[in-house]
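Structure below; questions to follow.
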Amino acid sequence: MAKSVKVVFLGGVGEIGKNMTALEFGDDIVIVDCGVEFPREDSPGIDAIIPDITYIRDNIKKLRGIVLTHGHEDHIGALPYYADELKVPIYGTALTLGLLERKLSERGLKAKTVKVNEGDTVKLGCFEVEFIKVAHSMAGACALSVTTPLGIIFVTGDFKIDNTPIDGKKTDLQRIAEIGAKGVMLMLGESTNVERKGSSTSERMVGQGLESIFVANADKRIVVACFASSNYRVQQILWLAEKYGRKVVLAGRSMKGIVEVASRVGELQVPKGIIADGVGKLPPEKLVVIATGSQGEPSSALNRMSRGDFNKVSIGPDDVVVLSSTPIPGNEKSVYDVINNLFRKGANVIYEAMNEVHVSGHAYEEELKIMLSLVRPKFFIPVHGEYRHQFKHAEIAKSLGIKESNIVIPNIGEVYGVNMHSLKQHSNVSAGNVYVDGVVLEDGNAVVSDRRSLAEYGMLLVLASVNSEKGVIAGDADVIARGFNLTDEIEQEIKDVVRDTVNGADFDENSMSELARAVKKAVRKLFYRDRQFPIIIPIIVED
């Protein structure tokens with residue numbers, strides 16, 4: 001069998017978030033990104049979802065390093081949970097590593113980090129990884145050109161083609177074209193905005209939209225909510241505040257922390273004296289608040305302002321609140337709840353549906369075509385998107401001349417082998433979701449499944465006392481229901497079923513735990529009849 005480079009998909013395919021891919025050849029493995037997925041409504045009580053790294057644990061001696069495309073949570077957020085296990089160098093640009101180190105320090109952790117600049121190349125075992133500048137919604141974002149013994153694998157990372165970037169650093173199309181001219185074996189291309197026609201709007205347009213708000217509301221306090229990691233957005237707000245003579249208050253722990261990191265590594269210019277410790281006695285027209293909470297996060301500064309329990313800022317009719325973002329899929333209700341609450345407090349709320357106050361950091365259809373045309377890969381795998389995004393990206397690749405047989409849409413846990421002659425599925429590995437609820441849950445899938453059942457169907461507690469000598473139940477069982485309506489009729493049916501199950505048991509062979517399982521099974525059948533699935537907890541004790 002011909003040699004091939006293994007591409008192991010541990011996250012970030014068929015989903016938005018949790019990006020993690022491993023490249024393997026011989027005795028060497030390199031990890032590209034290690035991110036989180038934010039919990040959905042069907043994951044009650046969960047803080048984050050991270051990749052299953054069982055395959056990496058099983059091959060830890062082969063691991064040579066971790067390379068990061070940029071510092072967003074969906075690309076670095078899982079590392080604090082695995083840093084103690086993955087004791088290898090982590091490579092990234094200054095802001096990427098600054099954000100990672102801040103996250104690690106919050107958990108009392110350290111890791112060996114190695115700062116790289118755009119254009120640098122690092123050697124990790126048999127792999128040579130070149131970091132190539134791309135524009136995105138934050139500084140320090142890179143595509144990766146990975147030279148393997150069998151050919152080049154090009155990873156786009158998150159990117160857009162912005163001809164007027166805030167920091168003047170455009171996507172390095174010339175270098176990407178040079179790599180394409182060498183011959184690229186495989187391209188892994190982000191697919192997030194493939195459904196959007198045309199090209200994305202420059203980040204500078206947000207600055208123009210925000211400036212019009214500053215001008216139109218010169219006599220009011222302005223509150224802008226955005227992602228704390230969107231340093232280009234924060235930069236423009238700081239410049240506007242300076243231009244129009246306003247002080248800036250940073251609201252939210254992550255906003256303060258990321259501004260500190262970005263300014264320290266030189267990726268954010270903070271005008272001297274512009275940051276105020278608090279609102280104090282500053283008149284509204286002399287103040288702008290930059291807040292976390294653009295996604296409606298329950299504990300964020302903006303959400304607390306909307307509920308009236310953020311003691312530093314009290315929202316009222318003299319406030320203009322700008323949500324400089326779009327809701328992440330699944331967050332829509334939380335975001336609109338915040339917007340509704342802000343309107344109730346009399347604020348003038350401006351969001352994307354009304355004004356040009358947000359642009360995406362991800363490439364639209366035409367930009368994806370440009371990237372594919374420059375890289376010219378023999379094989380193509382669309383990543384970083386749900387299946388519909390990957391499918392449409394594959395269609396674009398076919399329209400540009402890449403053979404259908406040279407394109408695959410992978411699932412999490414699939415391993416593909418690639419060389420200059422073929423791209424084929426090699427195997428499957430253990431992969432999927434690992435749930436975090438303060439700590440990493442040992443059996444997270446079962447915990448989340450139980451929580452869903454509790455939320456939808458409730459819980460039933462069945463307590464029975466038995467006389468093991470006589471082999472009969474001692475009186476009626478006690479039935480306690482939580483989260484659903486227990487009618488007298490159903491309660492009596494449960495008591496009858498428990499009595500029949502206990503009285504029919506062989507006490508010489510059945511322990512109390514086995515009897516409890518039998519009771520649970522019998523009671524469950526009653527509820528299956530009505531298509532109800534409460535959590536059933538039987539407690540059987542000897543009288």
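Placed from the backbone N, Cα and C atoms, the Cβ positions cover glycine too.
Unlike curated entries, TrEMBL annotations are predicted automatically.
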Per TrEMBL, what member of His384, His389 joins His70, His72, Asp74, His75, His136, Asp158 in binding Zn(2+) at one site?
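So the Zn(2+) site in TrEMBL includes His70, His72, Asp74, His75, His136, Asp158 plus, from the candidates His384, His389, His384.
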Would you identify which of the recorded positions His70, His358, His362 has the most other C-beta atoms lying within 10 angstroms of its C-beta?
His70
Across the domain 'Metallo-beta-lactamase' (17-210), what does the pLDDT come to on average, as a whole number?
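Its mean pLDDT is 95.
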Can you figure out which of Asp74, His384, Asp437 (the binding-site residues) comes closest in space to Glu190 (active site, proton donor), comparing Cα atoms?
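Minimum Cα distance from Glu190 (active site, proton donor) across Asp74, His384, Asp437 lands on His384.
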Cα of Asp74 (Zn(2+) binding site) to Cα of His362 (active site, proton acceptor): how many Å, rounded?
14
Checking the binding-site residues His358, Gly361, Asp437, which are within 10 Å of Asp158 (Zn(2+) binding site) at the Cα level?
Gly361
